[in-house]
Amino acid sequence: MDDLDALLADLESTTSHISKRPVFLSEEPPYSYPTGNHTYQEIAVPPPVPPPPSSEALNGTVLDPLDQWQPSGSRYAHQQPPSPLPVYSSSAKNSSASNTQDGVGSLCSRAGEEEHVYSFPNKQKSAEPSPTVMSSSLGSNLSELDRLLLELNAVQHSPPGFPADEAESSPPLPGALSPLYGIPENNTPLGGKAGPLVKEKPKRNGGRGLEDVRPSVESLLDELESSVPSPVPAITVNQGEMSSPQRVTSSQQQTRISASSATRELDELMASLSDFKMQGLEQRVDGERPWAAGWPPSSRQSSPEGQDEGGFMAQGKTGSSSPPGGLSKPGSQLDSMLGSLQSDLNKLGVATVAKGVCGACKKPIAGQVVTAMGKTWHPEHFVCTHCQEEIGSRNFFERDGQPYCEKDYHSLFSPRCYYCNGPILDKVVTALDRTWHPEHFFCAQCGAFFGPEGFHEKDGKAYCRKDYFDMFAPKCGGCARAILENYISALNTLWHPECFVCRECFTPFVNGSFFEHDGQPYCEVHYHERRGSLCSGCQKPITGRCITAMAKKFHPEHFVCAFCLKQLNKGTFKEQNDKPYCQSCFVKLFC
């Protein structure tokens with residue numbers, strides 16, 4: 001410690017003439033080491049200014065620039081052997097050099113958490129100090145700035161609106177980087193490997209809100225800005241490899257952070273503190289399927305060591321130490337999630353009014369609601385009574401107070417087609433005490449659809465007019481076609497009026513009198529002709545006495561000699577060439 005005090009005294013005496021406004025070397029292109037969300041930019045170490053002693057002279061060792069960027073316990077692949085690191089707390093030291101180190105260490109810790117870039121100058125400065133750089137001394141403003149930084153560090157670790165534990169008992173920040181100066185964890189060395197950097201969130205205390213911390217921080221910011229003149233001086237932090245004897249020299253790598261950058265970082269910190277609760281709430285709402293995410297919202301518990309819940313919420317996790325061992329039923333998980341959501345909303349002062357009671361599960365509805373059949377339902381509970389599928393926005397049918405999807409309703413309750421036995425979904429034809437699809441109701445004989453004339457039924461089947469009369473209507477005795485309208489009944493047969501005529505000459509019968517021969521109607525002439533009862537002489541029917549000769553029939557007065565025309569009433573005649581002759585005429589003509 002004596003060597004350290006001597007070293008700090010030398011540093012203060014040799015840097016007393018340096019201006020509080022060093023040159024900002026922003027034009028040099030730095031290169032950086034990516035470390036997660038942080039970027040540290042490292043530049044070659046500038047040569048020592050001639051008046052102050054060099055780093056080698058003070059420490060007696062030669063430092064390799066690459067070794068200077070190997071912080072113990074950091075996330076880089078090559079690690080330095082563990083060595084005791086300086087411990088910085090939020091309490092002020094007596095000496096001004098210690099105050100400077102504490103204040104700068106706290107500022108580096110806060111700035112590192114806010115994900116800003118630290119720049120190191122990469123330009124070889126000349127041995128002669130620039131006129132614009134030189135000034136009388138750091139003065140009282142630098143000491144005032146150190147004091148404000150110490151107070152800011154104390155406020156950040158123990159804000160007035162939230163109770164804070166002492167540095168020795170508080171749990172470590174999750175994933176704090178060892179190159180950043182922080183508070184040791186229960187006397188544990190800071191050389192261990194740390195996790196990823198996570199923003200520190202204040203603890204909740206009862207019903208106090210996050211806005212309770214704003215007045216003190218904003219007043220500190222106003223005091224900080226008023227105490228630092230413009231242009232704002234950069235705070236130079238000598239960062240190098242830490243060994244047992246602490247070595248801090250002006251020739252090592254320098255880190256500068258302006259007051260405007262610190263103000264911007266604190267504004268972003270306050271914005272994140274104000275929003276972290278709503279982000280945690282949204283993450284639980286988005287995790288509506290807890291069995292898929294593996295973290296049910298209801299399993300949120302506080303750490304037994306009193307860990308800050310906000311730190312876990314920043315990583316998108318709840319405060320439970322491990323995921324659940326098994327999966328419960330989706331219904332119980334949904335109920336647990338809704339109950340947790342309701343309680344969280346009540347804690348935030350958000351009044352939620354149930355939109356009704358579900359008609360299936362009889363529980364209040366807090367999210368989407370389906371209104372149907374005079375009731376309210378959870379969307380997942382409004383299902384088809386038969387297939388149990390969610391109806392959603394599809395059409396449904398109600399029967400006996402129960403909802404059915406369109407498919408099951410038609411399958412169960414719709415009328416069936418007599419032809420195909422399928423359910424009738426749209427238009428229906430009712431005929432012959434049965435129901436039919438319109439496209440399946442057609443003539444049983446020809447398959448034609450029925451027109452305006454309708455159909456005729458025979459033996460339980462439907463026929464068109466033509467096929468029905470062709471198959472089942474009475475047939476005409478004359479033309480053998482169906483009789484559709486008027487008809488004549490004669491000879492035990494039905495006849496079309498135009499078909500009831502003489503079957504020989506097709507002459508209609510006068511006064512309805514006709515002669516029947518072999519079941520067919522004839523006129524008188526053709527009737528006697530068919531029977532052979534016509535007079536061979538006059539070709540008229542014989543109604544009375546007749547003479548039969550030469551296989552013919554004659555009226556008595558018409559049976560005469562073919563030459564002299566005398567009546568052959570005696571019954572004697574001569575026949576020649578199918579003609580009758582008397583005896584005398586026959587002798588004269590043929591003898």
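Glycine too: its Cβ is placed from the backbone N, Cα and C atoms.
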Phosphoserine according to Swiss-Prot, picked from Ser83, Ser158, Ser170: Ser83
Position flagged as phosphoserine [Swiss-Prot], chosen from Ser135, Ser140, Ser226, Ser260: Ser140
Residue from Thr39, Thr132, Thr255, Thr435 to which Swiss-Prot assigns phosphothreonine: Thr132
Range among 3-15, 367-379, 445-457, 562-574 that Swiss-Prot annotates as motif 'LD motif 1': 3-15
Listed residues Ser126, Ser251, Ser299, with the one flagged phosphoserine by Swiss-Prot: Ser126
Per-residue pLDDT averaged over the motif 'LD motif 2' (144-156), given as an integer: 76
Residue among the modified residues Ser272, Ser332 whose Cβ has the most other Cβ atoms within 10 Å: Ser272
Rounded Cα-Cα span from Ser272 (phosphoserine) to Ser332 (phosphoserine), Å: 34
